[in-house]
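> The structure under discussion is supplied below as structure tokens; questions concerning it will follow.
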Amino acid sequence: MSVSLSRLERQLGYSFKDQELMLLALTHRSFAGRNNERLEFLGDAILNFVAGEALFERFPQAREGQLSRLRARLVKGETLAVLARGFDLGEYLRLGSGELKSGGFRRESILADALEALIGAIYLDAGMETARDRVLSWLASEFESLTLVDTNKDPKTRLQEFLQSRACELPRYEVVDIQGEPHCRTFFVECEVTLLNEKSRGQGVSRRIAEQVAAAAALIALGVENGHD
């Protein structure tokens, strides 16, 4: 094992028994051979479970939608990338030459994906309890700063944060119709989300309100909220 990887293990607070798992977690798909995408898939599932379980215990009075919004904030790519940069994770990534030249070691999505892959690797190397311990340790300051006030965001913001946490494209809004007299108009808006087969719709006395209604409908269609939060 190289000195650099020993340093990374100290930063992560975990020493791998299987060094190949660690190396695989640090290997981007642009690098020749096997890559970290399967570990990322596993780590994402573990991260969401651990964060959800911790929020369930921390906020016993929170509604489902509130818990979902808090979790989306915890596991979004931006949060994970900040953690990854704190570990200097970009210095250890194995990238293809093209990705390396384009600055992939600084890219938010690549850093976040690699951190999720490391979570998956720790789980395979040492089991759920150790993976849970590491995740909660890394996210401790984020957990401490959370309050239910963080859930009081408008639907467009909540939808954007949810999609960002899944590394999905941002929603697209389009005014499809305007009805009524100039002093009393009704705007009809469609919201397109790549995860949904159908566009969500909203209407209101302004474009902004119609977009918020459409975003709220998209959150319900995605199963993030149930319409009663």
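From the backbone N, Cα and C atoms, a Cβ is placed for every residue, glycine too.
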> Of the residues Glu40, Glu53, Glu174, Glu181, only one is listed by Swiss-Prot in the Mg(2+) site with Asp113, Glu116. Which is it?
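Swiss-Prot names Glu40 for this Mg(2+) site.
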> So if I draw a 10 Å sphere around the Cβ of Glu40 (Mg(2+) binding site), how many other Cβ atoms end up inside it?
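There are 23 of them.
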> Is it possible to get the count of other C-beta atoms within 10 angstroms of the C-beta of Asp44 (active site)?
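Here the count is 21.
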> How many other Cβ atoms are found within 10 Å of the Cβ atom of Asp113 (Mg(2+) binding site), counting all protein chains shown?
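Step by step: centre on the Cβ of Asp113 (Mg(2+) binding site), count other Cβ atoms within 10 Å, giving 28.
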